[in-house]
Amino acid sequence: MASRGVVGIFFLSAVPLVCLELRRGIPDIGIKDFLLLCGRILLLLALLTLIISVTTSWLNSFKSPQVYLKEEEEKNEKRQKLVRKKQQEAQGEKASRYIENVLKPHQEMKLRKLEERFYQMTGEAWKLSSGHKLGGDEGTSQTSFETSNREAAKSQNLPKPLTEFPSPAEQPTCKEIPDLPEEPSQTAEEVVTVALRCPSGNVLRRRFLKSYSSQVLFDWMTRIGYHISLYSLSTSFPRRPLAVEGGQSLEDIGITVDTVLILEEKEQTN
């Protein structure tokens with residue numbers, strides 16, 4: 001349509017100019033010749049209009065697919081951006097769930113293990129157990145120890161002398177709590193590591209020399225809050241009570257390598 005308008009304007013502006021030129025160049029031209037010339041001009045303009053129209057349509061036929069393809073590409077690009085955005089949101093949500101459900105518990109467990117190892121290396125493994133801390137304040141800890149001892153004695157049906165706490169003059173002091181020998185270094189010769197699995201589920205570890213008296217195991221039990229009258233030791237595999245006799249060393253009772261011992265409550269007796 002635009003091309004036809006251009007042709008029309010060109011024709012209207014060209015007719016007067018052609019007439020003037022003809023009158024100047026051929027002053028004696030007749031009306032018949034003038035009409036014939038105008039017919040030829042009109043025919044030429046018609047042919048020119050037809051050529052322009054066909055050419056424009058032909059060019060538009062090549063141009064329209066390109067525009068269509070460009071629009072399709074823009075739509076596809078927008079669609080891909082939307083899909084990528086959704087994928088990124090889904091991946092971010094998965095990463096958050098992974099951090100919350102897997103990574104964070106794993107880090108907390110790792111920190112707990114490092115804390116347990118630190119306390120075991122510094123000889124403060126009693127902080128990890130749920131036993132009684134002996135040798136504390138004589139006012140409150142004495143009363144709590146007496147109460148727990150009586151309750152344990154009632155549940156275990158122990159003889160009467162064990163249910164009564166000694167008089168103040170006969171009460172054991174902190175000095176009577178068994179002392180453990182100094183823990184040898186890990187690189188020392190004849191050293192073994194004993195892991196003690198408590199009823200609470202905690203596992204305590206300590207190093208001893210094979211030449212130490214086997215009584216040191218019971219002293220260790222008492223020191224972390226498990227009295228030998230209420231608890232016993234047994235081997236993990238095969239499961240059997242640990243036989244300890246006076247004068248025997250750890251090597252004599254079979255503890256020659258790193259060993260796991262089970263600390264369990266004694267059975268009730270009627």
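The backbone N, Cα and C atoms fix where each Cβ goes, glycine too.
For the residues S64, S167, the entry in Swiss-Prot flags phosphoserine at a single position: S167. With helix defined as DSSP H, G or I and strand as E or B, the domain 'UBX' (187-263) counts 9 helix, 28 strand, 40 coil.
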